[in-house]
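I have placed the structure first, in the form of structure tokens, so that the comments after it can refer back to it.
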């Protein structure tokens, strides 16, 4: 109840209270039925039964259940708010409803009863208080606390149901083998009250009601009279024998001809002789002068208008005795005038709209001007992207969480199966984030190269080394000799060891900083990195080598300075081989540096 603001009390009954409330976030006015906290199991049974039926059956002439929750051990049912009933109409029109209004109301009430009976449901409490009337004139049947399915042959029902004034004779005599005709009897009593403004069988006890039934409707059948004679409640009571008119119009003179025929078909003492709701809808009272053909479009327009205004949220089930929502969707039975069920307008329709809007946004994001351009990714990343795309096309992804995160960076495949984007800085990240292509030190990189083909980079590095070596040879060409070959080899080995040691320090330092989990280390996929940084480092090391050679040239004779241009080709190939090994070590260290 924290989400709702109480505005007042609407009604109160033997099983609970109905409050008028306002949703604090949306401002929607709702009616909340609060069941009393009683030790009897009957209260929970009635609440559970009403929840079950309202979840399972939806119709435009049945009240809509919005939400169910339990607070302080009390069950709360949230309904659409309609504060007007047929009883309020009768209090306003003391002499009964006008004929046009009465026919429209009865047509909708019969449609609701027919829908329930076609699904083998008995309401068992039809009365003016349980017929809601909206501002546009749409009637909705409510209060399903006594509703239940038809029993199998041999099963029995509860004997004390329905309000006394509208109770059929088999219910008064506590016959447990009743069925749909009890609703038809209650409808007949209510029709007379709606037409005249006065209840037809007001009574203070079951005996009083039974006496009035015999006087106004007819004598008991042999089966019912046998139950009456054996009942200890009516022991010693003798019912009168009354002669009644045979025609309906003489029996109910206050009603017009066709309406009297409907009431006479409903109020039959024998349940087997009572008419059905389907036959009543086909009666001349509704089919004459094209009433149905004219009223159906009007009713459809009113339903569409109310559906736009009252787009209710689908109930969030917090009641432990409720069935799962997935099972509910399979068992919902509808019978509507619309192309869809107006009772289901709400979260399901909003979810479909969000799905369509999401598709439009995805199309716009792919074809817009501000998109990130597509780049060539390694093959293993392409596989992950295709798999993620296939997963996103499943309907369950839209039902659970729309993958809006894909629009921000469509090139980033670091998303789990639920469409939730993972933190790229977390230790469990599966793939490194993309490289910023605008960095100044990456302008010379080849973005289309692959990690599986490092030969091109080694070739470029070898060319750079040769170019720098030739520069050294041109500078010192007048003072080189072949005698000091071992000295030059030792110098190069020292420089190589120095570079390797520096790279090892850099890689070990990066290992300590990153501190990735061991279990995830083998599953990292590293993106393509250029070779520019290492090329610059090697260039700096060669400059240092030049300075060392210059200092040695000043101390030694010119005859002892080696010449790089006149080196042996075999020795150059050997150095190239060492360079390849060196390049592999640098490549391995570069991976740790990139991490």
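Glycine is no exception: its Cβ is also placed from the backbone N, Cα and C atoms.
Residues annotated as domain 'Protein kinase' in Swiss-Prot: 4-286.
Annotation source Swiss-Prot lists ATP binding site at 10, 11, 12, 13, 14, 15, 16, 17, 18, 33. Long-range C-beta contacts of residue 12 (ATP binding site), restricted to its own chain and to partners at least six residues apart, with a cutoff below 8 Å, comprise 18.
The motif '[NKR]KIAxRE' annotation in Swiss-Prot covers 45-51.
Its Cβ taken as reference, residue 125 (active site, proton acceptor) is surrounded by 22 other Cβ atoms within 10 Å in the chains shown. Sequence annotations record features per position, and here Swiss-Prot assigns active site, proton acceptor to 125.
Per Swiss-Prot, the feature phosphothreonine maps to 158.
Summarising the annotation, Swiss-Prot assigns phosphotyrosine to 160.
Residues or ranges marked as compositional bias 'Polar residues' in Swiss-Prot: 387-397 (among others).
According to Swiss-Prot, the feature compositional bias 'Polar residues' maps to 468-491 (among others).
For 499-509 (among others), the entry in Swiss-Prot reads compositional bias 'Polar residues'.
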Field: Entry from the binding-site residues list 10, 14 having the most other CB atoms no farther than 10 A
entry: 10
- line: For residue 125 (active site, proton acceptor), the closest of the binding-site residues by C-alpha position, picking from 10, 14, 16, is 14
Cβ-Cβ distance under 8 Å to residue 16 (ATP binding site), same chain, at least six residues away: 33, 34, 35, 36, 43, 47
- line: Surrounding the recorded ATP site, with Cβ no more than 8 Å from the Cβ centroid of 10, 11, 12, 13, 14, 15, 16, 17, 18, 33 and those residues left out, we find 34
- prompt: Reduced to three states, what secondary structure does DSSP give residue 18 (ATP binding site)?
  reply: strand
